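Feature annotation from Swiss-Prot assigns compositional bias 'Gly residues' to 728-752. What Swiss-Prot records for 332-450 is domain 'RRM', and it gives sequence analysis as the kind of evidence. The phosphotyrosine annotation in Swiss-Prot covers Y349, Y665 and rests on sequence analysis. Under the heading region 'Binding to host EIF4G', Swiss-Prot lists 262-329. The region 'Disordered' annotation in Swiss-Prot covers 715-760.
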Amino acid sequence: MMDLEPQESLTAPTAPAIGATAVMEKDKSLLIPQDAPVEQNLGYETPPEEFEGFLQIQKQPNEQNAGLEDHDYLNEGDVLFKHLQRQSTIVRDAISDRSSIPVSIAELSCIYERNLFSPRVPPKRQANGTCEPNPRLNFYPVFAVPEALATYHIFFKNHKIPLSCRANRSRADELLALRAGASIPGIVSLEEVPKIFEGLGRDEKRAANALQKENEQNHHGNSALIELEGDNARLAVLKRNIEVTHFAYPAVNLPPKVMSAVMNQLLIKRAQPIDKDANLQDPEATDDGKPVVSDEQLTKWLGTDNSNELQQRRKLMMAAVLVTVELECMHRFFSDITTLRKIEECLHYTFRHGYVRQACKISNVELSNLVSYMGILHENRLGQNVLHSTLRDEARRDYVRDCIYLFLLHTWQTGMGVWQQCLEEKNLRELNKLLDRALKSLWTGFDERTVAAELADIIFPERLMITLQNGLPDFMSQSMLHNYRSFILERSGMLPSMCCALPSDFVPIYFRECPPPLWSHCYLLRLANYLAYHSDLMTDSSGEGLMECHCRCNLCTPHRSLVCNTELLSESQVIGTFEMQGPQSDSNFTTNLRLTPGLWTSAYLRKFEPQDYHAHSINFYEDQSKPPKAPLTACVITQGKILAQLHAIKQAREEFLLKKGHGVYLDPQTGEELNLPSPLCATASPHSQHVPESRKTGYCAATLKETAATAGNLGGRILGESGRGRGRGLGRMGGGGGGQPRRGSRGGGGRFQGRSDRRQTVAFNQALSNETRCEQISESQP
């Protein structure tokens, strides 16, 4: 490292510059005539002898450092100032289109962030689909949350934590457990749930020391979290470390522009601010702050003048506008079959689960590194996607459920932010016309759910919903969700590193135990719990061998599962082993087909059968008694005869290399030597190195001949078995039958056939008995 003197800095002038400036000022003073009048007292002037001494002092360090500068690789140009030049270029580009230069740091920071994260020209797209790396981001603080992006995510609803929250329900994990046949959660209305219970409940028992702690807290205030006898370890530690009464719930409201228009057109006229310069007017002469529909008009529409009925109708309308329509829009968006499929696919990337894990293994590409925001795809290799694998049982279920809850929150907030930004004045004027036209129909609706559905048709039309569904959800890593979780906890006054709280701990699990302002969060929590079980993320269904990437969900099983789809398994075994050439055309252009890992992975990720996808219920393939509705086929080569022929060609080529080939043959996939003897041939006896080469070759040929005979007597293993109990070298895929197709198999591929017979041959060499090996070695002695 370079040693910088304390008085020097990157922006301060150096000592030679100071001396040069002083010399220039002294030379300029010599040009002034002696009789010129002095206009200003310059104060003390340095005598010539003292000034020469000053220059001598400044010259000594330069002479001492002259030797160092000759050997310094940074001495040419202002290398250390290059980062300042780059950053100044970015700032200059940010303010180039502005008529005035910003004078405050806040304004400049806002312009700087918008230029970086929300540029006018979208980033260039690379060949792999991700946007190119932006070197301009190097100068933005790494762990800072940019305000230009967080347009909707920074808003919260500070609300009192109900005593009926999930953290105060010791049997919450048991109550949230779902089994086969469970349906997607729905929504409710205030008419259906007129009474709310926010208490602790009769089934919950306080811990032994909870009463003593409560007496101590009476002087400081009661916490909403109460220690219970059935609390798990995480909640017990959480309740002892923090005392909270309120929580910052992320805002999930409809766009403020829309809600302001709805309130102004359906409920109460918005009051305009008072102009001080205007003359005072009679408040009765204006409609500001008055109901949109008067009692006389409502009596005429309903055909009754009963004050109680009129009051109930106003309550119904208020509940529909403030609570139920938000739930209705949210339920329409998330309950769509296409949206549910896309959400579950993104969750498979987030947790590196099921078919995504299988694709990563075969393609040798970490697909879970892909993240996106508002349709722009990025590759981030710093994210983590296997953190959930370190947890077990209830801790894993709580973490997975909370991650999906945050994922749904982020998705909804992103959509609401886009909706809010796209609305213009002309759109709001058209919305006001539609609301005014449907005023009578809304006020005379059948019930609260009917009014909310009709209002949702107006403010959340199908065209808007489809547009948002096409761009959402985004790919997110567990690291992004963890940062989002920490951001929420910090806004709630909780230090994430000192407490083990999850945002879903403060949400009730039932609508009847949740205050209506938090019903949207209750719905998202219940939906997250459903998606966790529907995607088979709550438990680890994987195993060994073919079961390594197994997942029971409808996206993976049976069509994307190597265990259930034998055609897909056969196709995966011939990846990179053949090349098909088509006939030459008139332009001497030949079309070739090679089944590369990339081509197969792309087709594998796109493989989806909507007929066997049950979005609104948990209906796993293993729980069904009927076969799948769509046939089980491969991804690229969908004809079984072609796959069987490719397997036969592959086996014939491998047998030829093993029996008649000369030289050293390497497997193109693993690099293994195909026609050399097993390492046991060379290491079984210390005297084998003195055996003549011809006798060694004869022994190896005899070994291969015996192994080929043994291979015909070994069958495949049980489905999902690791293979440890059926011969040492059977491997993960099981064994085949000496290159010949078994009865009932597809083109010699067998349902549980191994990757190749030559791997079995190499493995069988290691499984020879000690007696036979010793006899062969003793015969080879000179």
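A Cβ is built for glycine as well, from the same backbone N, Cα and C atoms used for every other residue.
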Provide, as an integer number of angstrom, the distance between the C-alpha atoms of Y349 (phosphotyrosine) and Y665 (phosphotyrosine).
38
Which one, from the modified residues Y349, Y665, has the smallest tally of other C-beta atoms lying within 10 Å of its C-beta?
Y665
For the domain 'RRM' (332-450), how many residues does DSSP put in helix, in strand and in coil?
84 helix, 8 strand, 27 coil
